[in-house]
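Annotation source TrEMBL lists CoA binding site at 15-18, Arg38, 72-75, 96-98, Arg104, 137-140. Sequence annotations record features per position, and here TrEMBL assigns active site, nucleophile to Asp169. Positions annotated as substrate binding site by TrEMBL: Gly248, Gly249, Gln250.
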Amino acid sequence: MSKPLEGIKIIDFTHVQAGPACTQLLAWFGADVIKVERPGSGDVTRNQLRDIPDADALYFTMLNSNKRSLTLDTKTQEGKEVLEKLVRESDVLVENFGPGALDRMGFSWERLNELNPKLIMASVKGFSDGHHYDDLKVYENVAQCAGGAASTTGFWDGPPTVSAAALGDSNTGMHLAIGILTAIIGRGQTGRGQKVAVSMQDSVINLCRVKLRDQQRLDRIGYLEEYPQYPHGEFSDVVPRGGNAGGGGQPGWVLKCKGWETDPNAYIYFTIQGHAWEPICRALGKPEWISDPNYATAQARQPHIFDIFATIEAWLADKTKYEAVDILRKFDIPCAPVLSMKEIANDPSLRASGTIVEVPHKERGSYLTVGSPIKFSGLKPEITGSPLLGEHTDEILAELGYSKDQIANLHASRSV
Ligand code: CAO
């Protein structure tokens, strides 16, 4: 099976999560991704949260599959020369260092462009260039707070809350991947590379657009009818935290199922889609609600939506989350069980689709990781284990034209 990105060489100067998530995706689709790491230590995540002594941590292995690893100290003269050669032969350089780090290293965009005008340089930073916070270093939760996600997540009587989903990190990496692919297509038209920059704040905001929608509605009419605060509670002048309310025109909530007292995930998400009201009433054994004026329209239901959810919960009390979904799916009701990570890890459908895969690793044995969430008819990405630190150093140097003696000298000077 052909890999569409085969032949694209990427210098992967990334670390932690945002950058590595981007380059891993491109590697899955066939790009030759060369992870450049500091000799001796490498990406900090190799050592963070280790579960097996002396073996790369899952934090690293799950973000760096399908890549090759080159150790290179880019602060030595010899290291800089190797990087320059690599830049001349590559299509893309991806980095997510702190602000200014690449410039300090001597590889500003201007310099890279001079070395290879066809090169695409792709950067992740916490804030966009020129933003009043553009000097800040940023991690996941900082971005979620700066991007509007935290102020609108959680319950109204609790503090701003961050999501477990990596909205700041992996999400930014996915935006960057789209930018890189766009720049590659652009290069096909102009023959020139360009700089692609994505900020973590901007990427979070892009996912929080419905909350920006809500802010403008609130400014105009003073209330938001799909939030739990409506119609009995108070609205201030900012979008409130709405708990588990549905974000669109369909009310929904997380509802208890059989066993919730002891199982923290014995819940389903239940959505009341307007046109599905009749099937919902039939599923619940409440056919009288179909034509009752207090229930028949979405507007009539909203003032007592939590009473309706309580009735549904009473119906769910003797059903497991799986049994409930099996009944509700027959009535075309949008719903799903709340799945734990353990259930996801063992889900046969996710294994069959390649979304969760088990791959071999030289030190760890096999480990579980994510496969491509994007499915193609003409490509089935094959996920391989992450590289050991410097595993491909000599191989990559030889490809760049270094002789055995020169490679030995680079090792001796600790530049690789
Ligand atoms: N050889 C020599 N030096 C190297 C090197 C190599 N192969 N690779 C990196 N370095 C050096 C850099 O040149 C830089 O040195 P200086 O600060 O002296 O110029 C340093 O290592 C890296 O600095 P950093 O600021 O990137 O690292 P940090 O641990 O202090 O900060 C982070 C980490 C993530 C907060 C910061 O990189 C950042 O804000 N990145 C942008 C936003 C981002 O991507 N955050 C998401 C991280 S995922 O949660």
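From the backbone N, Cα and C atoms, a Cβ is placed for every residue, glycine too.
Here the features listed in TrEMBL are painted onto the structure.
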residue : record                   : DSSP class
His15   : CoA binding site         : coil
Asp73   : CoA binding site         : coil
Asn96   : CoA binding site         : coil
Arg104  : CoA binding site         : helix
Tyr139  : CoA binding site         : coil
Asp169  : active site, nucleophile : coil
Gly248  : substrate binding site   : coil
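With respect to ligand 1, the binding-site residues Gly248, Gly249, Gln250 contribute no residue with a C-beta closer than 6 angstroms to one of its atoms. If you take the Cα of Gln250 (substrate binding site) and the Cα of Asp169 (active site, nucleophile), they are about 29 angstrom apart, rounded to a whole number. Here the recorded positions are Asp73, Asp169; the one with the fewest Cβ atoms within 10 Å of its Cβ is Asp73. Of the recorded residues, Gly249 (substrate binding site) and Asp169 (active site, nucleophile) place their C-alpha atoms 29 Å from one another.
Take the mean position of the Cβ atoms of Gly248, Gly249, Gln250, the recorded substrate site; other residues of that chain with a Cβ within 8 Å of it are Glu226, Gly246, Gly247, Pro251, Gln273. Between the alpha carbons (Cα) of Gly248 (substrate binding site) and Asn96 (CoA binding site) lies a span of roughly 34 Å. His15 (CoA binding site) sits 11 Å from Asp169 (active site, nucleophile), taking the C-alpha atoms as the reference points.
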